[in-house]
Amino acid sequence: MSSGGRFNFDDGGSYCGGWEDGKAHGHGVCTGPKGQGEYTGSWSHGFEVLGVYTWPSGNTYQGTWAQGKRHGIGLESKGKWVYKGEWTHGFKGRYGVRECTGNGAKYEGTWSNGLQDGYGTETYSDGGTYQGQWVGGMRQGYGVRQSVPYGMAAVIRSPLRTSINSLRSEHTNGAALHPDASPAVAGSPAVSRGGFVLVAHSDSEILKSKKKGLFRRSLLSGLKLRKSESKSSLASQRSKQSSFRSEAGMSTVSSTASDIHSTISLGEAEAELAVIEDDIDATTTETYVGEWKNDKRSGFGVSQRSDGLKYEGEWVSNRRHGYGCMTFPDGTKEEGKYKQNVLVSGKRKNLIPLRASKIREKVDRAVEAAERAATIAKQKAEIAASRTSHSRAKAEAALTAAQKAQEEARIARITAKEFSPSFQHRENGLEYQRPKHQMSCDDIEVLSTGTPLQQESPELYRKGTTPSDLTPDDSPLQSFPASPTSTPPPAPASRTKMAHFSRQVSVDEERSGDIQMLLEGRGGDYARNSWGEEKAGASRGIRSGALRSGQPTEDFRTRGSGHKQPGNPKPRERRTESPTTFSWTSHHRAGNPCSGGPKLLEPDEEQLSNYKLEMKPLLRMDACPQDTHPQRRRHSRGAGGDRGFGLQRLRSKSQNKENLRPASSAEPTVQKLESLRLGDRPEPRLLRWDLTFSPPQKSLPVALESDEETGDELKSSTGSAPILVVMVILLNIGVAILFINFFI
């Protein structure tokens with residue numbers, strides 16, 4: 001029983017149309033994964049039969065199908081190229097026509113696995129043709145190349161080699177390419193005409209100077225040695241001009257060549273061996289009949305111009321190479337051995353031949369082989385002509401099949417509309433992707449625009465808000481704000497835009513309060529720390545850091561008052577500035593049963609070099625609440641090396657200079673905590689604190705000592721600094737010794 005409807009696949013595709021036994025049957029429209037690609041037409045038990053397939057790029061196929069592949073006959077439109085003909089299991093062939101809609105270049109013949117193979121005819125945009133054998137998309141075997149009149153032939157300037165018949169033709173965007181060309185003038189860019197290869201007067205340069213012997217030239221060319229020439233030599237100047245102009249021709253292509261996208265099949269590295277060519281009449285044509293290898297004239301063959309210039313003999317890569325005979329329009333001949341279009345031994349015009357008997361024998365054999373190859377090539381061209389006519393018939397049938405496929409596609413759209421009126425037909429799958437892509441771009445914009453606002457607004461923590469937690473890299477302490485029960489006094493209103501603050505917090509365990517100390521440092525070029533972004537309800541994150549130069553990690557702990565807070569979503573800014581990593585670990589003192597926060601220092605405990613602090617002692621309480629929130633590790637990047645920001649200990653100025661980079665050219669402003677008073681009664685409120693400012697002092701940030709126990713670790717860590725200095729000095733001495741031994 002046949003029915004129909006709409007079915008959406010998990011991969012984003014959909015089918016709307018008729019089906020039978022759970023398979024597409026009848027007429028319907030199906031889109032590929034994520035809406036890419038679309039087939040509209042007739043179906044038979046889950047497989048396409050006749051219809052139109054459209055790719056997201058706009059390429060289309062109209063024709064018959066079998067077992068999910070293009071099979072039978074159909075028309076493919078791909079860029080500027082259109083293929084009409086037979087298809088076999090998804091590939092072009094056996095007979096078909098591929099044509100460029102822009103300039104009329106085309107191939108008509110047999111195909112195999114999607115490439116020209118067998119016999120066929122290639123027509124170029126200027127009207128020139130090749131008829132003969134093909135193998136793997138290239139001319140190979142025997143064939144005939146016929147050019148158009150010289151005045152109409154395509155001008156070729158590029159030294160690259162491609163053709164509409166080769167594998168590389170897929171990237172030409174429908175441009176017709178012209179092989180079989182050679183440079184016409186050695187002192188100019190690699191200018192040539194499509195189908196013209198013969199070069200007359202190959203000995204014109206040789207006869208100018210005896211010093212420029214052919215054997216010497218061929219030897220130097222083969223060994224790729226530098227030739228010493230006089231700067232005043234005409235040949236030297238012309239060679240330089242040729243090299244310069246060839247480079248210019250590489251980068252600047254004429255509009256004619258650009259429109260045709262035609263290239264030549266010569267190796268232009270040896271363009272200097274080519275010689276000056278006489279002016280060719282605009283009506284002159286050239287024909288090559290013979291062997292081909294790898295899309296080039298190679299083997300034996302005959303090339304002849306309509307003005308009487310003719311060459312019979314051996315070829316290699318579109319050049320005369322081997323034994324052959326050259327006949328000039330005036331009837332004179334030149335025969336012997338050629339290398340890269342240059343006669344290196346044999347009989348020249350008006351010259352006494354050398355070793356005439358042996359050379360003449362080899363030349364005669366080469367000429368006979370060339371004539372035989374020409375005869376075979378003409379036979380192959382006739383076979384190619386018959387294959388061409390058969391391919392044209394298949395192309396006509398493909399046009400008829402394409403029209404039927406379009407009609408089936410129209411019926412399929414009507415059927416899909418009946419089963420699902422809300423179904424929207426799209427020409428290709430691009431529309432299916434665009435909404436999601438645009439949405440993702442908008443999300444990125446929102447995140448990127450919101451980030452600078454948080455960076456430019458460092459504020460003290462207020463209840464119910466998320467602290468910025470951005471502190472300068474060179475600050476001795478990190479910010480670990482606990483959740484206060486009341487709002488602390490606001491920060492001074494007189495600070496500048498470039499001021500940065502760091503907070504230092506101590507917790508009063510019993511009173512559920514905390515004491516915050518605000519440190520201000522001027523200069524806006526600090527590398528800033530940030531909290532990682534957490535979801536609501538996540539435990540508080542604790543930053544962590546590793547000591548410089550492999551020093552042991554000192555532990556210290558903080559705790560909150562039970563408030564869960566999200567962090568500042570700025571984890572990436574720090575990482576981009578420096579490769580330093582930090583790690584914090586939690587630690588509990590063995591001698592203290594309480595797991596509270598860090599204690600404040602006594603005013604007479606240590607004399608700080610950079611900050612002046614005056615604090616009054618806190619009242620000790622009997623009990624301490626348990627730490628209920630696990631600490632999370634945070635990894636961030638430092639600015640110049642490993643810095644132990646989590647170490648609450650004092651450092652000497654000399655150690656700070658070695659381990660900490662200067663924060664900025666501006667001097668930091670030091671704030672002194674004048675007084676800190678606690679009430680006698682335990683109250684659940686924030687401890688009162690005041691801030692007073694002292695004049696700026698030229699100093700570097702230092703770290704505070706929180707526990708007496710870390711004093712022992714301080715000694716061990718500070719003792720490693722001289723060792724590092726000694727190691728660096730020894731390393732420098734070793735490098736200097738190596739430098740002296742090897743380079744002096």
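Glycine residues also receive a Cβ, built from the backbone N, Cα and C atoms like all the rest.
According to Swiss-Prot:
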type     : residues : note
MOD_RES  : Ser440   : phosphoserine
MOD_RES  : Thr451   : phosphothreonine
MOD_RES  : Ser457   : phosphoserine
MOD_RES  : Thr471   : phosphothreonine
MOD_RES  : Ser475   : phosphoserine
MOD_RES  : Ser506   : phosphoserine
MOD_RES  : Ser699   : phosphoserine
MOD_RES  : Ser706   : phosphoserine
REPEAT   : 15-37    : repeat 'MORN 1'
REPEAT   : 39-60    : repeat 'MORN 2'
REPEAT   : 83-105   : repeat 'MORN 4'
TRANSMEM : 724-744  : transmembrane segment
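Listed as Cβ neighbours of the repeat 'MORN 2' (39-60) (distance under 8 Å, sequence separation of 6 or more from its ends, same chain) are residues 17-18, 20-21, 23-30, 66-68, 76-79, 401, 404-406, 408-409, 411-413, 416, 425, 427-430.
Taken through DSSP, the repeat 'MORN 2' (39-60) splits into 0 helix, 15 strand, 7 coil. Per DSSP, the repeat 'MORN 4' (83-105) is made up of 0 helix, 16 strand, 7 coil.
For the repeat 'MORN 1' (15-37), the DSSP counts in helix, strand and coil order read 3 helix, 15 strand, 5 coil.
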